[in-house]
Amino acid sequence: MSSAGAVRVKLLFFAKSRELAGLSGTDDFLVPHAEIKCSELLDLICNRFNLSIIRNNVILAHNEQYCDDLGETLRIRNGDELALTFDKLDVGALNDLVAHESCGAISLFVGTTRDNFEGKSVVLLEYEAYEAMALKTMNLLCDEVRARWSDVVNIGIHHRLGTVPVKEASVVIAISSPHRKSSLEAVHFTIDELKKSVPVWKKELYGDGEGSSEWKENSECTWSQKYKANHIQ
């Protein structure tokens, strides 16, 4: 079967289905179409993972909601590639993850640590995040991107945590679309909105010989602006 038009989804198995499938889940299951009836998806899963003998007892859920009506048509999109990691970011790998047969454009933004800020020598940056909230906010941001640019196919956002030396990437955003206009505009929007809303904090460590450092805030940060507005005397 050709993978053109197919959607890659994540599956999780529990209890008897996990035992019969021989695994707890997979990130690499291809659904042939973005729109598919629940009953057809259930058949595909059961046939692929040796669950046919319990097919009538398998409970299907999509996006953490039960599929009560097997005649219902699901609209499935490719899962967005979101990550917060202490590992060094791999720009090429994220590029490959968002690539798609239908797309003629992948636009990238790579934010790196520079060695200076306002005349001070910067040795490295240090990031920390409210991880659960950050990932939730990143998911909402992806929804907003898709609402604004309906032809966007895949979105990848990887943000590094911990220490990030000079010249290394702290954030990589990759977006694919059939034509370059949408992916370029969407990448620009995504980095601006990420800086505004995603709860990630940055500390600059300076090379002044005294080990001095300072927590910095993005000028776009909405909660900082709200705090300042509420505390103006």
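Just so it is clear, glycine is given a Cβ too, placed from its N, Cα and C backbone atoms.
Sequence annotations record features per position, and here TrEMBL assigns substrate binding site to His179, Arg180, Lys195, Lys202, Lys203, Glu204. Sequence-distant neighbours of Glu204 (substrate binding site): residues of the same chain at least 6 apart with a C-beta under 8 Å from its C-beta are Phe117, Lys120, Val122, Leu125, Ser213, Glu214, Lys216.
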- line: With neighbours defined as other CB atoms within 10 A, the best-packed of the binding-site residues Arg180, Lys195, Lys203 is Lys195
Query: So which one is it: of the binding-site residues His179, Lys202, which has the fewest other Cβ atoms within 10 Å?
result: His179
